[in-house]
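*Asks:* My questions will all concern the structure given below.
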Amino acid sequence: MPHRNAEPNSDRDRQLAEIRRSLGEKSLVLIGLMGAGKSAVGRRLATSLNLPFTDADSEIEAAAGQSIGEIFAEHGEAYFRTGERKVIARLLENGPQVLATGGGAYVDPETRTAIKEHGISIWLKANLRVLMKRVGRRDNRPLLQVDNPETVMKRLMAERNPVYAQADITVESKEAPHEVMVSSIIDALSARLAQESAGDPAKAQ
Ligand SMILES: Nc1ncnc2c1ncn2[C@@H]1O[C@H](COP(=O)(O)OP(=O)(O)O)[C@@H](O)[C@H]1O
Ligand SMILES: O=C(O)C1=C[C@@H](OP(=O)(O)O)[C@@H](O)[C@H](O)C1
Ligand SMILES: [Mg+2]
């Protein structure tokens, strides 16, 4: 029954078009801890919204001509953070897009201010068990190349979660297919837009 199938699709299309329109030149910026799904889910979110996708870590690697691991090993974390700050400031000029940041980016006050100015931030919030399960698959995160990565992750959660909580939108990153995460993000964005257009004073701060 083409008519019955067409209705939900066009509703979805309208929802996606409304999000794109409301963004203007702003970027959707994914923040959260290592393993939250910023890169993997961000890429699919961009496809759904028909927006370009950018991964800040890949851009840092391209600018440096080195992998994140090499940058940390050869120059140290402070050098990486300086590059990250510069690269994200540059990338934020290219909206609209979906921008996946590395886990430490939003914790930097300058980068956080730039994201607030040029983006809508989305915190993918996951619990320790989910994060550890996901980061265990690859060894490309220098901060976790230690004897007890779970201790480091716990410390980072304690330090960073209160900062991530400043995000415009929080979406729980659960054990669900990537596409389910994309739908949750799109619904959360739509709900926020609806609140904004209704002039919710809680959103005017
Ligand atoms: N919702 C999800 N369900 C299952 N696996 C996921 C989900 N989100 C991300 N992953 C997987 O977890 C790993 C880490 O995800 P990634 O996007 O690299 O995280 P981040 O960029 O936030 O560090 C990848 O293998 C990714 O495919
Ligand atoms: O949390 C962090 O400080 C980091 C997260 C990594 O990105 P992901 O969050 O995409 O893994 C990467 O930027 C670097 O290893 C440092
Ligand atoms: Mg990533």
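Every residue, even glycine, has its Cβ placed from backbone N, Cα and C.
Sharing the feature lines straight out of TrEMBL:
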BINDING   Gly35, Ala36, Gly37, Lys38, Ser39, Ala40, Arg141  ATP binding site
BINDING   Ser39  Mg(2+) binding site
BINDING   Asp57, Arg81, Gly103, Arg160  substrate binding site
*Asks:* Taking Cα-Cα distance, which of the binding-site residues Gly35, Ala36, Gly37, Lys38, Ser39, Arg141 are within 10 Å of Asp57 (substrate binding site)?
*Replies:* Ser39
*Asks:* Measuring Cα to Cα, how many angstrom lie between Ala40 (ATP binding site) and Arg160 (substrate binding site)?
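*Replies:* Cα-Cα, rounded: 21 Å.
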*Asks:* Lys38, Arg81, Arg141, Arg160: which of these binding-site residues has the highest Cβ count within 10 Å of its own Cβ?
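*Replies:* Checking each of Lys38, Arg81, Arg141, Arg160, the winner is Lys38.
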*Asks:* If the criterion is a C-beta within less than 6 angstroms of any ligand 1 atom, which of the binding-site residues Arg81, Arg141, Arg160 pass it? List them in sequence order.
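*Replies:* None, by Cβ distance under 6 Å.
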*Asks:* Would you identify which of the binding-site residues Ala36, Ala40 has the most other C-beta atoms lying within 10 angstroms of its C-beta?
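*Replies:* Buried the deepest by this measure is Ala36.
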*Asks:* I need the CA-to-CA distance for Gly103 (substrate binding site) versus Lys38 (ATP binding site), whole Å please.
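*Replies:* Cα to Cα, Gly103 (substrate binding site) and Lys38 (ATP binding site) are separated by 9 Å.
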*Asks:* On the three-state reduction of DSSP, what should I expect for Gly37 (ATP binding site)?
*Replies:* coil
*Asks:* Test of understanding: give the count of other CB atoms lying within 10 angstroms of the CB of Ser39 (ATP binding site).
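*Replies:* There are 17 of them.
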*Asks:* Among Ala36, Gly37, Ala40, Arg81, Arg160, the binding-site residues in the record, which have a C-beta under 6 A from ligand 2?
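*Replies:* Within range of ligand 2: none.
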